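*Asks:* Quick one: the structure is below, questions incoming.
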Amino acid sequence: MEDRSRAVGTFQAGDYAVFAALFVVSSSIGVFFAIIERKKPSSKEFLVGGRQMSCGPVALSLTASFMSAVTVIGAPSDVYRYGASYVIFGVAYTFVVFLTAELFLPVFYRSGITSTYEYLELRFCKPVRVAATLIYILQTILYTGVVVYAPALALNQVTGFDLWGSIFATGIVCTFYCTLGGLKAVVWTDAFQMVVMVVGFLTVLIQGASRAGGIESVWSTAHAGGRMNVFDFDVDPLRRHTFWTLSVGGTFTWLGIYGVNQSTIQRCISCKTERHARWALYLNLLGLWIILFCAVLSGLIMYTFYSRCDPWTAGAVSAPDQLMPYFVMEILGAFPGLPGLFVACAFSGTLSTVAASINALATVTYEDFVSQCFRDLSNRAANWISKALCVLFGVACTTMAVAASYMGGIVQAALSIHGMCGGPMLGLFSLGILFPVTNRKGAVGGLIVGISLSFWVGVGAFIYPAPSNNTRPLELNTAGCNFSLTADGSNQTSVTSDRHWLADSWYSMSYLYYSAVGFIGTVAAGLLITLLTGPLDPKNVKPGLTRSVKDVICFCSEKFMQADFSEDKEDMGDFGMAWEKHTDTEGVIKMEEKVKSDNDSLHENGYSNAAFDHNETSQVQAKL
């Protein structure tokens, strides 16, 4: 085993050059789109890219923002401590992408909406829309704070830069190119940053495997250290990571992020057609698998390298989330530019996630609040307001990063936030889409119950951390260290006698089940309240706002097999606006029937996000 007595190096001129190049290119993309789009002052152009994006860049954008620095830094550390069972998230990703593409996307895309929360007003009422928007804003700012803090921690660990200075620098760059170029800048910058992430990971994998003795050595050492025990089928919900928590709990958690999250849906509805949007999601799944594999393999290589001298237990690093950057500096420190490439990799995920969040926050705020209060804004005024909102939320997300330093492990903190807020949101949209009988009272009551349950368990778990017999971190070794230990060697959660009785049961639930708790609570309470207050007649639900299980599995139907999927067969116009133009349900149904009769062979994938042709719409209005 190699000598661990030497100090880990710091950034050199080449590292700074590589790292600075990331910011320069990202900012330049924002400037580029600000210049070429200067003659298109529409807020729609700024917020949803004119709905003319192709599936390739959108797929890369989705993957880059999804796989943030939380994955680049936190996931390998999680594998290092708990084993390769993290790879089972790949199962959850598969279910999530399929359900998003086949269940939620068609409803949102065909509605012609810009903010996903517009759907809630169409399906239920305005107060539900407002409440959901406020919850989303809170959730996103909290999550983005964690995402900003993670790479700043990495930079602080490997270079000694001031932690808070790094945070503010990150927020300024993200806000800059997001505000200048809008969604197009976000998507294309994400595509560039996705390439940087993959190259950074590959650099670490190649050099790390070489320094660890090769892949065979990595495999055998990880197996001997218990890191390859992937499939644990224990059904105990208190266990942190098992097959069921990662696959089932992970599906609920990520579906709340993907299926009904504004940041994801906004990029999907920016695509030219629904088929492009679906392809973007499925191509994105391939990217998710690749990044997940890289993260897990990095964790195993890191464990092999430190199998006889754990730097965390030995006190070389103060937190598990610092392990990955510490490892990178040790194996790449002798190669000028390569440590900078890894930190650029971590920052790429952050810039992508933060920019997408800022753009999404600006979109929902403008669509759900500003445009509702000021209906006569000019295109130029709307565009400037949208840019101002980007600046506002850039400041808010950057400031929130300060609080992230008190939230513990970044992976668990990030997913806990999404679970507590995303689960009830997933339940609320599911009530509207899957259960036509749900009324507005059921929606409001279900949301209140779901939020209460998920925050109860999430906040309780933060106050009373789960004992080590539930988290079960694997053994770490310091026998091979050639320097003095500065820590007590303990990484277990202490359990004191004054713990609340709920601490070892309800509060010790796996953080991956927070979303499931919120979802189940919302749906169950919503349906019960609906039953008690009088179910809604499904015939009175506006067309296109619900989707049955049969629709989801339509690819098995004979109609699907015979469908013509050629693109852009007909311009569908602002389909979502039809309900506002025709307040009588019967008239809407007649218009819907006419559209369907004219597009029988189009089926699902041929829908265009351009919406109804205005001439066609006026003819339908005249007939009605």
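Just so it is clear, glycine is given a Cβ too, placed from its N, Cα and C backbone atoms.
So TrEMBL says this about it:
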type: TRANSMEM; residues: 16-36; note: transmembrane segment
type: TRANSMEM; residues: 57-75; note: transmembrane segment
type: TRANSMEM; residues: 87-109; note: transmembrane segment
type: TRANSMEM; residues: 130-151; note: transmembrane segment
type: TRANSMEM; residues: 163-180; note: transmembrane segment
type: TRANSMEM; residues: 241-260; note: transmembrane segment
type: TRANSMEM; residues: 281-306; note: transmembrane segment
type: TRANSMEM; residues: 326-347; note: transmembrane segment
type: TRANSMEM; residues: 384-407; note: transmembrane segment
type: TRANSMEM; residues: 413-435; note: transmembrane segment
type: TRANSMEM; residues: 442-464; note: transmembrane segment
type: TRANSMEM; residues: 511-532; note: transmembrane segment
type: REGION; residues: 599-624; note: region 'Disordered'
*Asks:* Any chance the transmembrane segment (511-532) and the transmembrane segment (384-407) have 3 or more Cβ pairs under 8 A, given the pairs are 6 or more apart in sequence?
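*Replies:* Counting Cβ pairs under 8 Å (6 or more apart in sequence), the transmembrane segment (511-532) does not reach the transmembrane segment (384-407), since there are fewer than 3.
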*Asks:* Contact between the transmembrane segment (163-180) and the transmembrane segment (130-151) is defined here as three or more C-beta pairs under 8 Å separated by at least 6 residues; is that satisfied?
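*Replies:* In this chain the transmembrane segment (130-151) contacts the transmembrane segment (163-180) - 3 or more Cβ pairs sit under 8 Å.
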*Asks:* When you look at the transmembrane segment (442-464) alongside the transmembrane segment (57-75), do they share 3+ Cβ pairs under 8 Å, ignoring any pair fewer than 6 residues apart in sequence?
*Replies:* no
*Asks:* Check the transmembrane segment (326-347) against each of 16-36, 87-109, 442-464 and return whichever range has the most CB pairs under 8 Å.
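*Replies:* That would be 16-36.
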*Asks:* Taking 16-36, 241-260, 281-306, 384-407, 413-435 as candidates, which has the most Cβ pairs under 8 Å with the transmembrane segment (87-109)?
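*Replies:* Checked against 16-36, 241-260, 281-306, 384-407, 413-435; highest Cβ contact count belongs to 241-260.
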*Asks:* If we skip the immediate neighbours and take only residues 6+ beyond the ends of the transmembrane segment (281-306), which ones have a Cβ under 8 Å from one of its Cβ atoms?
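*Replies:* For the transmembrane segment (281-306), the sequence-distant neighbours (Cβ-Cβ under 8 Å, at least 6 residues beyond its ends) are 55-56, 58-60, 62-63, 66-67, 71-72, 75-80, 84, 86-87, 89-90, 93-94, 97, 100-101, 105, 194, 197-198, 201-202, 204-205, 208-209, 211-213, 217-219, 221-222, 225, 227, 268, 323-324, 327, 330-331.
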*Asks:* State the non-local partners of the transmembrane segment (384-407) in its own chain: residues 6+ outside its ends, Cβ under 8 Å from one of its Cβ atoms.
*Replies:* 43, 46-47, 140-142, 144-146, 148-150, 152, 163-164, 167-168, 170-172, 174-175, 178-179, 182, 354, 357-359, 361-363, 365-366, 370, 377, 413, 462
*Asks:* Are there residues at least six beyond either end of the transmembrane segment (16-36) with Cβ under 8 Å to its Cβ atoms? List them, or say none.
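*Replies:* Distal contacts: 173, 176-182, 184-185, 188-189, 192-193, 196, 337, 340-341, 343-344, 347-348, 351.
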